[in-house]
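Taking it in order: structure first as structure tokens, then the write-up.
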Amino acid sequence: MAPVIPPSAAKTHQVVLMEKARAAASFNTSELSCLIYGSAEAVKQRRGAYDRVETQLGTKDTSVLPRIYGNMDRERAYQESLEMGTIAFQDGIKHGHNFFSEVTPRGIFANASPIGLNILLFIPAIELCGSAEQRAQWLPLAKEGKIIGTYAQTELGHGTFVRGIETTAALDTTTDEFVIHSPTKSSTKFWPGGLGFSSTHAILMARLLVGADDHGPHLFMVQLRSLEDGKPLPGIKLGDIGPKLAYNGVDNSFAVFTNVRISRLNMLMKHTTIAADGTYTAVPNHAVLNYATMLRARAIMTRIAAFQLAQATTIATRYSTVREQGAGSNGTEKSVLQYKHQHFRILTLIAKSYGTFFASKYCTTEYEKVMHQQEQGSLSGLPYMHSLSAGLKAWATGEAADGAEDARKYCGGHGFLMISGLPDLVASSTGMVTFEGENYVLWLQVGRYLIKCVDTLVQGKKLHPEMAYLSDGSTYNAGPGAVNGVCEAQGSAFLDQHVQLDIYRHRATRLVHAIHKRFRGSSKTPEEAWNQHMLSIITAARAHIEYIVLRAFAAHIHHLEGTISVSLMNILATLCSLFALSHIINPRTVDALVNGLLEGLLPEAIALTDAWDFTDASLCSALGMKDGDVYGTMMRWVEQLPINQRAWEHNEGVYRPGWEKWIDPILKAKL
């Protein structure tokens, strides 16, 4: 057996390059980490949680090939994911934290864990839609792991189109029970994570039937399997749906219900109630209120998209720092990060990851406002929150998926290796594009809201305060130097944050009003006009959301003034400008400014990615090692690959199955 290359005691050239790059930063990385996670204490607790979990999982020793890069089949991947999810869940209970409520210890969206939806959707659904009695009954069980839940909405034939859900819950007044049934093949619950083998219970969405009355989709608590032996309960067929592009550690599943009986009291009854005699009572807009769980999920996904983009960017930045290429006039190579095309692409991704993060904080704040208003009996902010969560989810997950793939490309051929960690990040980020609503469908929901906003203006009514910018639909002041509504800013004026916001606001206002005029003025039927102008509607929706993102980015930085160091304040302001200007580059004006921004940010690249505080074990990337020892790690890992070990351990470097069956016969003409 060939020996595995041990870690070197001496510093490699790549390690020295990384140390120099890290030392070049002008700000304190820890200060930015505290800003991201809330406080120094939160950073400390988070590090402690990761240390404990990674120690139990045996992943802290990064000289050892991560198990996911060995010959792991689907069932082994599921068991590994169960181990990770269980350890993380128990650590949260024991130490009183929620660091793994939205992400796995690998930093992937929590639904990558077989038990991830218990905290992500199951518990919130009870909190948001259950009565006081139901919350008292079920929440302690779910939070302590006495039951493990999932959220079962999506069906084989219907996903985010909730009104199309076919699963039924028919009230039987003679037994005081609901009868849960899958009446068609397309009504099979399909895709929910943890449904097939991991969860004991589900919050199930089904149509409430009372006699001849169909009250539409409602939420029900359904026990799936015995708590004693895990067997599915009578009338319930559960199973896995097979391998996927990513998330193969979770049992995304199907469920078929055949006349399964549950108590009438298992319908979540905060917003609707059903009496024993079938009397149905509902608060106004109850269907929208029951949708709060999905609004929350989309707000979370915006935040997770920021972190996944940051993970991919961290790997690409670290690798680009220590990868040298291209002999200069003196024959020496230089770091590929020094090349303009490379650091432009990487730094704009870094700026986008921070822009997405600050936009997600804004989204969370707005969600909390709406939930507070809801408790006070007001639903006035709900339409805006729906459009905001839909638009930010669509924008953030799309940018994260594209950005992760770009980061993979920035790493050249090595980025194509699974051990780079990037292919899994690309695949998992891509998955979020369709989770909780395919992005183009969500863009259209935003577009519909924007058209209604202009309708409101036409009627002489006021808009939601966050949408008031659309009121200026006919005139426009593009900041300093504006003439007749045309932006005439020149040179360094584009670095003025007000000018940047004016540009984005003007674009959004112009596009929204233009598409409203074409849509409402069409001679076609509303359905035909909607389809005809669909692409323009999406363009307007995207412009609106990009303005919201930039506005949130700039506002957050403004609110930080005086609370953080001047050096960090300057870096964040520069990032914000790069985010804004990189979308509107003009060779005659903005290009030179962007070059200046890049030069200022280049020495900060490693510190800006270090601030996310990702552990080596969570990145699981030979290219993204914090110490920069890329080549040493790559060789240690590939030498531990099972195919190499099999060839070296007993066969003197020969892979016998392949040689004896195929190669040797070719050489000896025995085919």
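Even glycines carry a Cβ here, placed using N, Cα and C.
Just so you know, TrEMBL annotations never went through curation; they're auto-generated.
What you see is a predicted model, and the numbers here were worked out from it, not measured in a lab.
What TrEMBL records for GLU436 is active site, proton acceptor. If you look up TrEMBL, you'll see THR154, GLY193 marked as FAD binding site. According to TrEMBL, the feature domain 'Acyl-coenzyme A oxidase N-terminal' maps to 28-148. For 291-451, the entry in TrEMBL reads domain 'Acyl-CoA oxidase C-alpha1'. Taken from TrEMBL, the feature domain 'Acyl-CoA oxidase C-terminal' covers 498-586, 592-667.
When Cβ-Cβ distances under 8 Å to the domain 'Acyl-CoA oxidase C-terminal' (498-586) are tallied for each of 28-148, 291-451, 592-667, the top count falls to 291-451. In the shown protein chains, 21 other C-beta atoms lie within 10 A of the C-beta of THR154 (FAD binding site). Each residue of the domain 'Acyl-CoA oxidase C-terminal' (592-667) gets a DSSP state, and the totals for helix, strand and coil are 55 helix, 0 strand, 21 coil. The residue listed as 'active site, proton acceptor' sits 9 Å from THR154 (FAD binding site), counting Cα to Cα. Counting other Cβ atoms within 10 Å of each Cβ, the recorded positions GLY193, GLU436 show the lowest value at GLU436. The domain 'Acyl-coenzyme A oxidase N-terminal' (28-148): residue composition by secondary structure is 81 helix, 2 strand, 38 coil, according to DSSP.
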